[in-house]
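Under the heading active site, N6-AMP-lysine intermediate, Swiss-Prot lists K125, citing sequence analysis as support. If you look up Swiss-Prot, you'll see D43, A44, E45, Y46, D47, S92, L93, D123, R146, E184, K304, K328 marked as NAD(+) binding site, on the strength of sequence analysis. The Zn(2+) binding site annotation in Swiss-Prot covers C422, C425, C440, C445. The feature domain 'BRCT' is assigned by Swiss-Prot to 607-696, with sequence analysis given as support. Taken from Swiss-Prot, the feature region 'Disordered' applies to 684-705.
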Amino acid sequence: MDRRGAPVKQDSAKVEQRMEELRTLLEYHGHRYYVMDEPEISDAEYDALFRELVRLEEEHPEHIHPGSPTHKVGGQILDGLKPREHSLRMYSLDNAFGIEEFREFVERVVRLEPDAPLEFWVDPKMDGLAMELVYENGVFLLAVTRGDGSMGEDVTHTMRTVRNVRMRLNPEIEAPVRLEVRGEVIITRADFEALNARQQQKGGKLFANPRNAAAGSVRQLDSSVAAARPLRFMAYGVGQVVWADGRQRWRTQYDIMRGLQELGFAVPSQGRLCAAPADVEAAFTELSAARHELPFEIDGVVAKLNDLDLQEALGFTARAPRWAIALKFPAHQARTRLKDIRIQVGRTGVMTPVAELEPVTVGGVTVSSATLHNEDEIRAKGLMLGDVVIVQRAGDVIPEVVRAVPEERTGAEREYVFPAVCPVCGSAAVRGEGEAAWRCTNMQCPAVRKQAIIHFVSKAGLDIDGVGRKWIEQLVDSGRVVSPADLFRITREDLLGMERMGEKLASNFIEAFDSARHESTLQRFICALGIRHVGEQTARTLAARFGNMDELMRADQETLQSLRDIGGEVAGSIRAFFANGQNRELLQQFKNLGLWPEEQQPAGDSTPVTPLAGKKILFTGSLVRMTRSEAKAMAEKAGAAVMSGVSARLDILVAGDKPGSKLEKARSLGITVLTEDEFIRQASESEEISGQAADDYENSLLRVQ
């Protein structure tokens with residue numbers, strides 16, 4: 001970044017590397033936040049990483065990976081809770097940091113729908129656990145967490161104990177025959193203070209914040225734990241709504257909120273109808289000033305276009321609705337002193353500077369360190385050791401050094417000189433032409449080896465269940481593990497010699513390593529190797545093309561370069577990795593240990609050719625012969641891309657019963673409309689589907705015939 005915060009032009013390899021780093025960071029911190037309920041960084045820090053990745057993907061679409069955190073909501077299913085699919089996906093929200101970004105959102109809406117009525121419903125953005133409650137004929141049926149948006153966790157047993165969750169809806173008001181209510185499970189500030197006071201009194205662990213307390217309580221296997229906690233459910237919207245006569249009663253977001261309140265749900269009293277975007281801005285300013293006086297924690301407001309037909313017309317992106325946005329409050333800032341800058345060494349040898357700060361409270365959280373990314377950022381921000389600096393938690397979560405305060409310098413400050421040697425092993429550090437990062441040149445550097453092993457077991461690698469960073473650090477530091485292959489040679493006795501390692505945990509580790517050895521896919525194994533410039537998408541391409549490691553290792557530069565998504569630099573990096581003697585020795589160890597996965601059937605270039613191949617398709621209305629998810633799977637197997645909304649780019653609309661406004665809009669745009677039977681027939685007209693893909697495809701057709 002330059003001094004004005006504008007992005008500095010970067011070469012393709014550097015950009016791809018940074019995008020891979022961001023994906024890995026976001027997956028890791030998303031796991032800590034959504035699955036473990038033990039975040040290591042603030043929401044603002046996470047938002048900053050997320051926004052950087054969004055920007056890079058917009059500027060460099062050639063490096064976008066299908067598994068990017070920007071295409072998904074985030075979260076995973078925990079062992080012990082039953083997974084359950086949402087009938088309609090629970091999307092995340094795009095963020096606007098300030099009024100200007102909200103105005104840009106409004107401009108996008110107007111471009112998509114020039115005659116759109118710009119009336120909004122505005123709610124406080126509550127900081128809790130997103131939840132869906134399902135009612136049938138007015139009776140509570142089940143409760144499901146948001147999870148990854150498509151699949152959540154069944155927490156019916158704990159949500160039954162939440163005091164303001166009604167088991168039966170108000171009998172004096174007509175209720176839908178099926179109603180999916182969406183909202184947040186929260187703990188108020190006063191209840192949170194009382195809860196922690198009780199925890200302290202009985203010597204229990206104190207909760208970090210109300211959100212963690214709420215999330216941890218809901219996901220207990222023992223419902224009595226949740227029953228003892230001061231949980232509340234606050235509704236903000238709906239999923240699927242089915243009325244007995246098939247006619248919709250609610251036409252606006254305002255109707256929904258009023259209807260939910262009449263049925264007996266708690267809704268935020270601060271919600272309001274805004275007749276124009278200017279009123280949304282006023283509500284944002286007002287709630288920002290009053291946020292600390294509210295009974296519960298909020299980090300912004302959510303603005304939704306009020307008209308439900310307009311919401312349907314605008315549709316969704318891969319991760320968020322186009323008709324709603326979260327306006328985040330300004331970051332909390334504080335002054336502190338930059339004591340030192342230390343260097344962290346990553347798995348590829350990248351040396352990342354980290355600011356060591358005098359501890360300071362920012363937005364209720366003590367901050368003592370913050371990443372500085374690279375040497376250029378230190379220079380751009382004009383930082384000197386000993387400087388008074390401004391630190392902020394953007395979006396109230398992630399710490400960032402904003403700038404130095406040069407007017408407070410005393411003359412005792414010192415210029416920071418980026419080290420020319422690795423601080424861990426003492427080897428020379430180099431900075432490649434066109435790169436921002438300095439790297440340790442010693443691939444046997446203890447820090448590099450440790451980070452490589454951490455990556456190998458991580459979600460971005462083999463995703464070995466239960467084996468986290470701290471355990472790997474302990475294994476490496478104790479000398480039990482020197483390379484990733486050592487993980488598959490380790491014994492129970494080796495593990496039992498470690499601090500805080502019991503019999504059960506040691507057995508779980510051995511079982512996890514054994515499962516990884518026998519069940520890992522070729523794509524995951526390639527990712528786990530940590531080949532420079534090879535991320536999830538490139539690994540998928542390589543696995544599909546070569547089918548096994550032996551063939552991949554024999555591939556020459558020309559063959560690699562001919563593949564989709566792989567250019568000269570990436571091909572060269574792959575060849576260099578397999579030409580390295582130490583890497584080949586490690587790979588031979590993996591082979592001897594039985595960790596040598598193969599694809600069941602190399603995909604090659606054989607893909608379905610059907611009348612739907614290459615088409616953009618959308619489903620609307622109720623399907624009779626299959627579920628919506630089965631229809632989507634069939635379309636994708638037939639080579640089509642499934643869209644989320646009607647636009648001029650759409651090729652085909654499949655209309656089931658009661659298709660609604662999407663059918664009218666599709667016809668007005670001249671889009672081809674198919675019945676469900678016509679869709680199945682066209683999806684079945686496959687000319688070329690090979691190997692396992694053919695079996696899968698045929699089975700999907702049998703299910704609906």
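Cβ atoms are placed via backbone N, Cα and C, with glycine included.
Of all residue pairs in D43, A44, E45, Y46, D47, S92, L93, D123, R146, E184, K304, K328, the annotated binders of NAD(+), the farthest apart have Cα atoms separated by 25 Å. The secondary structure of E45 (NAD(+) binding site), as reduced to three states from DSSP, is helical. Non-local contacts of K125 (active site, N6-AMP-lysine intermediate) by the CB criterion (under 8 A, 6+ apart in sequence, same chain) comprise I298, D299, G300, V301, V302, A326, L327, K328. Per-site Cβ counts within 10 Å over the binding-site residues C425, C440 peak at C440. Taken residue by residue with DSSP, C440 (Zn(2+) binding site) is part of a strand. The shortest Cα-Cα distance from D47 (NAD(+) binding site) to any of the binding-site residues (C425, C440, C445) is found for C440.
R146 (NAD(+) binding site) falls outside any helix or strand according to DSSP and counts as coil.
Ranked by Cα separation from C445 (Zn(2+) binding site), the binding-site residues E45, L93, R146 are led by E45.
In this view, the densest Cβ surroundings among the binding-site residues L93, C422 belong to C422, judged by other Cβ atoms lying within 10 Å. Per-residue pLDDT, averaged across the domain 'BRCT' (607-696), gives 73.
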